[in-house]
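Annotated features in TrEMBL:
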TRANSMEM  16-36  transmembrane segment
TRANSMEM  48-68  transmembrane segment
TRANSMEM  83-106  transmembrane segment
TRANSMEM  145-166  transmembrane segment
TRANSMEM  172-195  transmembrane segment
TRANSMEM  293-312  transmembrane segment
TRANSMEM  374-394  transmembrane segment
């Protein structure tokens, strides 16, 4: 429980990552987990991820095939709106492809992924030993447990309840495997997006801590009496800031493909569910108003996870980059605080040249920069795509009405 996690003292970064890395491993999206205070990654853990991922995909295909063999369920499915049915098929195909891309890409980059955690742990150890820094591992662990547990409960309830509306009570046993396997397939990429956000937050926390250390008052108070020690410490701080920025680059390499695929899937899923919600709200329905509102509520809950990732993820990325820039600005002012130190002036010059050459940004795909401006782009594209879907649906409905009028007119003429 979250209370038990809070009571347990966590002494290292690996301890705080045990829950989230274990969950990612169970969902076949990492190939390693934390045992004790060390990461375990070998041929057995990677084989588990690949074999279980294959079994999940094959199981989903088999469960869907079994559903289609049931005449009553097949007839009920075919009664759905053609566009809604197309969206459902597209979602099943896309979610499966995104799951496979996530598993394979993270397996390929497992060593780089582990190196990220190793470098962060090394930086933390240096901060704690030299300055007695408290990095609040318990708070991070508690936040991960509470947030993931809450979202999981909502996601499980929404998907299972929405799928059960497709079939009658006697068909629930046929739908339950499909629902559970779909949750596993979509859960892995969703959790991977959250792990990416968690990494950006870890960097933001360390950037903010270094900002406190790099303030002139702190430097003069603790190292001002010894010029040589001050120069050594400042060089050490500059190296830590550069290491954290290199970790940003490494995160991009690890999550580049999986994050891009997940963003494409989240965009399609969110747009499709918005279309279904708007379509049901503006069209005539044979169901009761209470049942209709309940169904739209379930869809809204399903949209919670992709919307959270699309809208909050870039905010975490922007915040991390901003905190890093603040550290660099403080470092670039060091020659003003210590004008007599030639070593610090040379350090500032090297740092400024490094900053001009080094691109500081979280990216996905070929050139998609993840920052706050991307939120506006996502929102605009979703709204535009939604309007196209609604217009297409209205055109389809108008065509059906014209055909009905023609049929009625012909019957009237004949009689």
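Cβ coordinates come from backbone N, Cα and C, glycine included.
Here the transmembrane segment (83-106) has Cβ contacts under 8 Å with residues 28-31, 49-50, 53, 56-57, 60, 64, 77, 113, 182, 185-186, 188-189, 192, 254, 256-258, 261-262, 264-265, 268-269, 272, 275-276, 279, 389, 392-393, 396 of the same chain, all six or more residues outside its ends. Long-range contacts of the transmembrane segment (172-195) within its own chain (CB-CB distance under 8 A, at least 6 residues past either end) are made by residues 20, 23-24, 27-29, 56-57, 59-60, 63-64, 66-67, 70, 73, 92, 95-96, 98-99, 102-103, 106, 147-148, 152, 155-156, 159-160, 163-164, 166, 255, 258-259, 261-262, 265-266, 305-306, 309, 313.
Sequence-distant neighbours of the transmembrane segment (16-36) (same chain, 6+ residues past either end, Cβ-Cβ under 8 Å): 5, 10, 45-46, 48-50, 52-53, 56, 102-103, 106-107, 110, 113-114, 117, 137-138, 140-141, 144-145, 148, 184, 187-189, 191-192, 194-195, 198.
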